[in-house]
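Here's what TrEMBL has on this protein:
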- 112-186: domain 'Ig-like' (DOMAIN)
- 194-271: domain 'Ig-like' (DOMAIN)
- 375-465: domain 'Ig-like' (DOMAIN)
- 492-575: domain 'Ig-like' (DOMAIN)
- 646-729: domain 'Ig-like' (DOMAIN)
- 1-19: signal peptide (SIGNAL)
- 741-761: transmembrane segment (TRANSMEM)
């Protein structure tokens with residue numbers, strides 16, 4: 001047991017360790033605790049630590065980082081809200097190995113660019129019991145999951161809708177309200193902008209001093225307020241009707257009708273005709289000229305057709321070649337000229353903004369007949385907004401029809417509009433409209449899409465074109481929507497997956513296959529081998545060749561795909577160090593290397609490559625086997641023993657013996673392994689056999705007739721068995737004496753030859769030596785030496 005003091009020290013150490021790695025929940029004070037700001041703004045955030053025991057404090061957002069404060073306990077940072085996915089966090093580094101952090105809550109919003117409310121189908125009046133659809137488009141707002149759209153009838157909320165789109169970037173959303181009108185709704189405010197009654201005339205001709213009653217002809221709900229001007233000068237009349245008395249000059253009266261939904265203006269021209277007898281007391285429309293008058297005074301308009309963009313200037317020249325013209329002029333709410341002298345008069349408007357304008361050039365003949373001509377005027381306006389959205393929330397699903405809607409806001413004239421749908425650069429649909437409304441309106445085009453997997457990520461867009469005819473601008477007015485990216489969910493499948501594949505051991509993994517799992521949502525792939533789930537990122541070994549099955553699945557479906565995998569590997573030996581082969585056998589032993597592809601084997605002996613066809617006795621020895629394939633090389637050393645059957649040094653033979661004679665018969669054999677030699681014979685008391693394995697002898701002592709017969713020697717080893725025989729026969733004694741005589745004669749001859757040789761050698765020896773000859777007359781005491789002759793003898 002530890003001493004008490006040591007236990008306290010250990011507890012203190014553990015406490016200190018815990019203190020180093022603990023992040024107190026209240027250590028961070030973020031100011032503000034959450035940022036809610038508009039996109040593009042700058043905000044300053046501050047982070048303060050309640051504990052001063054740390055190394056440094058700083059802010060970080062992805063790869064961006066503030067300066068680090070190592071002295072104080074707080075840090076401030078300016079955030080530029082130009083990134084929709086900004087995620088700042090305050091970080092306190094406690095020591096070299098541990099730090100704490102706290103995320104700052106961020107909500108970046110953007111108010112809608114436009115909120116547009118319009119009927120899906122334009123109607124002028126509502127009928128009890130009929131359903132109508134109103135659509136509210138909220139353009140470019142974020143974050144849409146925080147958006148709430150409320151519909152009101154009068155001041156009563158009748159529908160509230162929220163949105164589940166989790167996108168943090170700006171998107172456009174739509175809401176549709178279906179209204180069933182009944183009699184109780186008579187008190188409700190179904191509001192619409194003022195509209196002009198097209199049956200009201202815009203041009204009046206009166207005599208000097210006559211009176212005329214003018215009507216604005218405007219309707220609206222709520223009832224519009226009226227305002228009149230005469231040649232731009234305000235008048236006090238506040239109703240829709242204006243009575244003008246004692247008219248003496250030509251003038252243009254303008255009526256403006258206004259309610260809280262819009263305003264509309266009507267221009268009425270009052271022309272004073274001088275010297276016209278019996279002028280009517282009440283204003284009457286311009287008389288139509290007779291056919292004869294038309295032939296006499298046809299006015300010519302240049303140009304006869306005008307295409308003008310809303311707000312742009314316009315002008316048309318009117319001329320005549322007739323000579324009996326009293327006067328001419330233009331009747332128009334804007335740009336009217338009054339009664340002028342011939343032969344030309346021009347209608348000019350600096351900013352054409354009247355959708356119902358129909359200027360008329362008239363000619364009054366001296367016979368009080370009139371003729372007129374009206375130019376064809378097309379006033380157009382390109383859309384304010386062209387946008388594409390899906391009518392159903394959520395992604396498209398392969399094979400299921402979906403609807404895309406192109407909303408065109410505030411365009412005129414609708415009957416000249418063509419909407420073309422594109423998928424990428426491919427034209428997939430074209431729609432034209434037959435609505436005769438000439439004022440700006442909202443229209444929609446619907447595209448039915450049955451998506452395929454190839455359409456995932458496709459960009460759909462709609463393009464509007466105003467076909468305004470040959471007099472229209474070049475190029476024709478067009479406007480395209482922002483692309484709508486189609487998200488198509490489709491069933492998973494394996495692509496580019498071979499039926500067979502070969503990999504190398506310890507290097508190949510299943511996730512290295514060229515197979516691609518295609519599907520949306522992105523599918524999950526599980527690989528199975530022999531029915532068991534495997535880790536596709538682990539290398540395979542040589543024992544794992546076989547059939548593998550991929551299970552590919554997502555939320556829509558699941559599919560299987562099988563592939564045969566062959567794992568190749570470098571050569572290896574699992575052999576013994578010693579082998580035995582038989583002589584004349586083919587080259588090759590049981591030592592076969594493993595490897596895929598099958599390796600090529602080479603034999604080496606004493607460092608030299610050999611290629612024998614059959615084994616020989618002398619081929620025993622030490623060998624090196626070398627196995628090679630494309631993945632590597634392996635060597636193995638072994639000792640080879642060449643085995644061969646026994647072989648006798650002698651063949652079969654016979655022996656003759658005389659009774660009483662001693663006889664020895666030997667038998668030996670070579671072989672590998674060493675053979676065992678055995679004699680086979682009829683035993684007798686005078687016969688004995690010497691011990692030995694490779695060599696055995698039979699000794700017969702004092703041979704008798706019972707010893708005659710065949711003696712068989714047998715040599716055996718694991719390779720084979722051979723035998724040889726010795727036949728022993730007995731001879732008569734006479735035959736034995738003759739043989740003895742012969743032997744004695746031979747010995748005698750040998751002795752005689754030996755004696756002759758001795759005598760000859762002795763004589764030759766005596767002839768050699770030195771001799772001293774002394775003559776008789778020689779002096780006493782002197783010797784006469786012999787001299788050697790030239791033949792080498794001494795005399």
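Using the three backbone atoms N, Cα and C, a Cβ is placed for every residue, glycine included.
Here the transmembrane segment (741-761) has no Cβ contact under 8 Å with any residue of the same chain six or more residues outside its ends.
The average pLDDT the prediction assigns to the domain 'Ig-like' (375-465) is 93. Secondary structure counts, DSSP: the domain 'Ig-like' (194-271) has 0 helix, 52 strand, 26 coil.
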